[in-house]
Each structure stands twice: as structure tokens, then as C-alpha cells.
Amino acid sequence: MLQTRDFSHYVKDVDGRIAHLDLAVEGVHCASCMAKIERGLQSIPDVTLARVNLTDRRLAVEWNKGSALEPGQFIDRLAELGYKAYPYEPVRAEVEEAERSKYLLRCLGVAAFATMNVMMLSVPVWYGGDLSPEARDFFHWLSALVALPCAAYAGQPFFQSAFRALKAKSVNMDVPITIGISLALGMSLVETINHAEHAYFDAAVMLIAFLLAGRFLDQKMRQKTRAVAGNLAALKAETATKFVGPDEIAEVPIAAVRSGDIVLLRPGERCAVDGTVIEGRSEIDQSLITGETLHVPAERGTQVYAGTLNISGTLRVRVAAAAEGTLLSEITRLLDHALQARSRYVQLADRASRLYAPVVHAAALLTILGWVLAGASWHDAIVIGIAVLIITCPCALGLAIPAVQTVASGAMFRAGVLLNAGDAIERAASVDTIVFDKTGTLTLPELDVVNAGSVPPEMFELAGRLALASHHPVAAAVARAAQAKAPLPGVVEEPGRGVRADYAGEELRLGSPAFCGANAEANQILSEDPEVSVVAFSRGGHRVVFAVRQLLRPDAAKTIDALRNRGIAVELLSGDREPAVRHAADALGVSVWRAGVTPSEKIAHIEALKQQGRTVMMVGDGMNDAPSLAAAQVSMSPISATHLSQATADLVFLGKELAPVLAAVDYSRKAMAVMRENLGLAVGYNMLAVPIAIAGYATPLIAALAMSGSSLLVMLNAMRARRVRRGAARWK
């Protein structure tokens, strides 16, 4: 029966055609859980996406808006699969995760208590050769009195998960764990009743304790990564102080703020919108965007972003974007995407662990039958089968890769890098050549017009209004210098050339000197100052050329030198003129550079590098870089890039520094190395341990130690992905 609750306010409109819903799902803790949920929902007609984020146990579902699907159907489908779900709310989800951490810790404490006491009681049995049968039975019964109730409580995370899976007619990693624990406890109880020599209470409780330790470690690791997203959420203001009249203000929900509105920002408040200061002076903290922890002055014309902290004075801000359209929301979206991303290695581990569960059961059953056929007693065969069942549990394999991806994603964000593609880490790790664009990439996006005083005011105003339609940093400098507020209608952007529009019967153009027919004027300015960049504006037969100056990112030379030290070739391709590009190349020590390069020439150069066997990363900003970003094996854009470039880029970096490019390479290489190590550990463990268990050389206790130890080993090793060599970048 479908849920009757109204979920409409949780559903987001993606692009007018696709609906999006985030659900919190309880009981998700392994790759097979993720795969089962995703397959189960993707089998529903009109569902276009079902992706589980194991870090915060959030399920993202997208479907065609024109279909008859209702959110309640997804919750019902998850219930059929054995999972409880409800609409995702960050605060509620965080409370639930905190409660889960406490619960796991309680279970771990109980299991650890049982393990220590049962092991203490087992020592006389294992090493007491002269122990009387009555004394041995006494120790077995004491062990049972400790182990059975403790296992019943501490094993609930595994038992409940396995029950839900079996109820849904499927298996997950907890099914073989539960069967192994239950068989070990059940057989031990039977052995104790029958006054047998050995019981395996110690193996059962030790297995529970070590597995809980691994699960708690995994929970805390993911909690640290979730904290990154939580810190971003804490920066979002839910309300804004909006001017509803010339001198009248009102506190309104952020959803009621629109582009063009004016909001008041008082000292100590966080800005709720992206916009431009139109009145007032203050100091602001924009470390979220720039990475710079020092306060910067804010005055008329200063851009501010959602999450910006106003320190001293009162500001009036004209809104450019609010709610989900802000840069803070874009960063949050990219972080969510990064946490959901899956490399080829993660997908391989998902498939392997999903297929491995049935293999575990088959191996244990065949082992029992094989030993019986070989003449062993049913008792001995079942003991060996229990050891096989425990030792072959795919926990290590299921955790080996996803754990590394989670740790690496969080570490990269702290270094100022966001993943925009599932296999970005895998591809970035193999990069041996990085091609940089200059404008807005090696240089800061903000530029200054140095000849503003020589431009006629009317031409300056029209150029500024036309420049508002362009995302190029040089055009943005013109718009900022002209203090333009109202863009011209009907503007057409020609990638790599400029923008144009009709105004009062005349064609206006802003872009390259050739595009505007202003080569002569541009050459005159460049002959006087070869280091400036130029952008031309034409109105009919009238032409002016703006001279703008750009600064290199403060750590650009240091970062490029560090990249070369890591064996990476660095090249510079720019559509800018030769003197400006040569100046940047000389300052940065880049020997391979080209100026005046068109978008098609950039693509051709990248393709030529690829044909030479190079793995190329393109780092660029601007609309004309989108094709070359797509052509490279790996691509990266600054957060200031146009939405088109960011959509194309595999990685996005924050701040004013270039260090995140170095961090992306370092963390990707480290993550891939750790992934391969973990995969090798998991596979090697199974290749070594399984034959030993099948041959009967591993008791259930040894099997419990081996299996839980392998899981802990890959978890601890995964945490190494957050550490890179000294000198690697960290976002301030």
C-alpha cells in the first residue's frame, strides 16, 4: 500500500523534466546493500537514477516528471528490499547517525567484555591438559552464560541486517556472518550439553567484537567526511533581511529572495545570497571561496557570496543569486557528487562483493559434504564448514575500495578540490602532462581596467552592459569597472571571439580586437605596455580598446615547480596575445607555451599529446575552454569558471591559489596506491586463508581472528589516503 504522506516539498525540479528526491535509508553499510538498492529502484519504469551515498546513507532518486510515479512508491519498494527509508533531512540524519554511533559503541563494549571474559575462561580448557571433565563443563557453561546473552545483544547489527535481507529474498555480507556466528554458538551449546571436549563461544564473541570494531571505525571515518558537508550546511542562512520599501526592511525566508532584490547585511551576520555591495564599508571573511583566512575590505562594487561573514560595518547588497543558485549551493552539490562518485575500482569491488556472498555459502556447504565423503564425522565436517563460512566472508573485499574513496574525497575537499566525475581520482593519478590555460586559471579571475579614464563615458557604459552577458574574466573586468547593472537584451556569445547585440539600430561588439575591427587601436596600446591584455568594443564605426592587467595566482610558480618535481610536464596554451603569454610563461618557468591559440587548436594539441601516449590534464576557465576540457583525459576548472566549464570538468578547485591542482594529483596518486594495496590485501587474504580453512587447518577461532583482522587491516590502511607527501597542497 502506498504511503499517504505528502512528500511534494522534498521533491526538487532538476531541469523541468526530471524530479529528484533524497531519501535517508537505514541499514546500508556495504557494497552489496548499495547494489541491491540501486538495482531494485532502477528496475522501476521511468526511474532515471538511483545512487546510494554510503557516507551519509542517502539515496538519490531521479525520475521523469511526466510519469505517474510518487515518492511513496520508492519508500515502499525499499521496504520490500528490507530497508526503512524516509525523506532526507540533514539535521535528522545527523541525529540518527550520532545515535547509531552510540549504539555501535555500546555493542562493541558488550562484545569486548564478553570476548575478554570468555577468552579468560577458555584458557584452562585449551591448555589445561589435566583438567577434569567436570571442571571443563563448568568453564564451558560459564562461557555460555557470558557469550549467549552478550552475542544476542552485541550481534544485533548483523542479525537484523541479515534478517531483513533474507526476508527480501536476497543476501548481503551480514548473512554469512550471522550464519557463522549462529552455527558457532549453536554447536558450542550442543557440545556443552553433550560434555564434549571443545566449544567455540570464544570464536563467536571475538568475531562479533572485531567486526563491530571495524564497523565502528568505518562509521567514525564516514562521520569525519560528513562533517565537511555539515560545515558547509552550517554556513547557509535560512533567512535574509530584505528591503521591502525604500527604508523598510523585513526578515524573510531565503526562498522569498529574488535576483535584483536588495538585502541588508549587519555586522556578525552571514550573507545568505550571492551579490554585489552597493552601499557601505566593512571587512568580510570569504575564506570559503578564496581560501584566504585574512579579512578583506568590502565596499561598493565588491562581490560577496552566500556564507560570507560580515565582520564590522553594515552593507547593502544587490542580489545576483539566492537559495539553490548560490556558489555555496554549487559547492555543496559538487561535494555531494564527490561523495557519491565511484571509480572503476569501486565498481569492481561492488560487483565482486555482491557475487562473493553466494560463493561463501556454496564453499562452506561443499566443504562439509567433501569432508563427510572423505570419511570425517559430521561433527568435524561442520566445524570445518563453520571456519570456512567465517573466514571467507567478503567484508574486507567490500570495504577495501569504498573506504579509500570516502577518505580521499574528504581529504581532497579539505585541500580545496571537489570531484565532478566518478573516476576522476583514477584518471588524475595517471596524469603525466598538464596543460594550463592562462586567463582565469594561472591568473586570478579579477582584472583591472587600467585605461578607464580615456574611454568616453557613454561607450564605457554600453561596453559594461554588453560585458555582463559574457563569462570571460576580461569582460567581467569591464563590467565591474563600468559598474554596469542592467545587461543588454538579445546578446549572442561567439565562443573564442566575443559577444554582440543590437542597440538603437547599431551592432555592438565586445571581444577580441579582430572581432571588433580594432586591431590598430589594440596594437598601439600594446606597443606602449606589452604586458597588459586587451579587449575591444565597437559601436557601429566607433571603437575603443580596454587595457586590463591580470595577476598570476600567488603560488602559481611554486605549484608548477612542484608538479615538475613529480615528473609531470607542464605546458601553457592561451588564446591571449604573445607578449602576455610569454610574460606569464617566463614568470612561471614554463618552457612549452603557445599564444593566440583557438579552441580547435587547443583540442588538436591535446589530441597530439594523447597520440604520443601522454595522459593529459587540461586546467582551464571560460566558455572557450569547454571543448578542450572535454578532449583531455582529465579536466579541472576553478570554482570561478562558467557553469559550462564546470559541467565539463572532472575536478573543480576552490580558492585563489593553484595549490589544489597539485593536491588533486598527490591525493589521487596516493588513493590509487592505497586502493591497489587494499585490493591486493583482500584478494591475497582470500587466496591464502580459504585453502587453509577448507583443508581443516583453521579452527573457528582462528577463522574469526583472520577474517576480522583482514577487515580492520583494510580499514586502517584506507586512512592512509588522507596523508600525502610533505609539501603537498592544503587549502587554507
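Just so you know, glycine gets a Cβ as well, placed from its N, Cα and C.
Taken from TrEMBL, the feature domain 'HMA' applies to 19-86. Among the features that TrEMBL reports, transmembrane segment is placed at 103-126, 138-159, 171-193, 199-217, 355-376, 382-404, 678-695, 701-719.
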Given 103-126, 199-217, 355-376, the one sharing the most C-beta pairs under 8 Å with the transmembrane segment (701-719) is 199-217
Between the transmembrane segment (355-376) and the stretches 103-126, 138-159, 171-193, work out which stretch tops the count of Cβ pairs under 8 Å.
171-193
Same-chain residues at least 6 beyond the ends of the transmembrane segment (171-193) with a Cβ under 8 Å from one of its Cβ atoms are 30, 32-33, 36, 137, 140-141, 143-144, 147-148, 151, 155, 157-159, 161-163, 165, 199-201, 203-204, 207-208, 211, 353, 357-358, 360-361, 364, 382-383, 385-386, 389-390, 392-395, 398, 700
Cβ-Cβ under 8 Å with the transmembrane segment (678-695): same-chain residues at least 6 beyond its ends
345, 349, 363, 367, 370, 384, 387-388, 391-392, 396-397, 400-401, 403-404, 703, 706-707, 710, 713-714, 717-718
Other parts of the chain folded back onto the transmembrane segment (103-126), taken as Cβ under 8 Å at six or more residues beyond its ends:
135-136, 139-140, 142-143, 146-147, 150-151, 153-157, 198-199, 201-202, 205-206, 208-209, 212-213, 215-216, 219
For the domain 'HMA' (19-86), what are the DSSP-based totals of helix, strand and coil residues?
23 helix, 23 strand, 22 coil
On the domain 'HMA' (19-86), the mean of the pLDDT values is 82
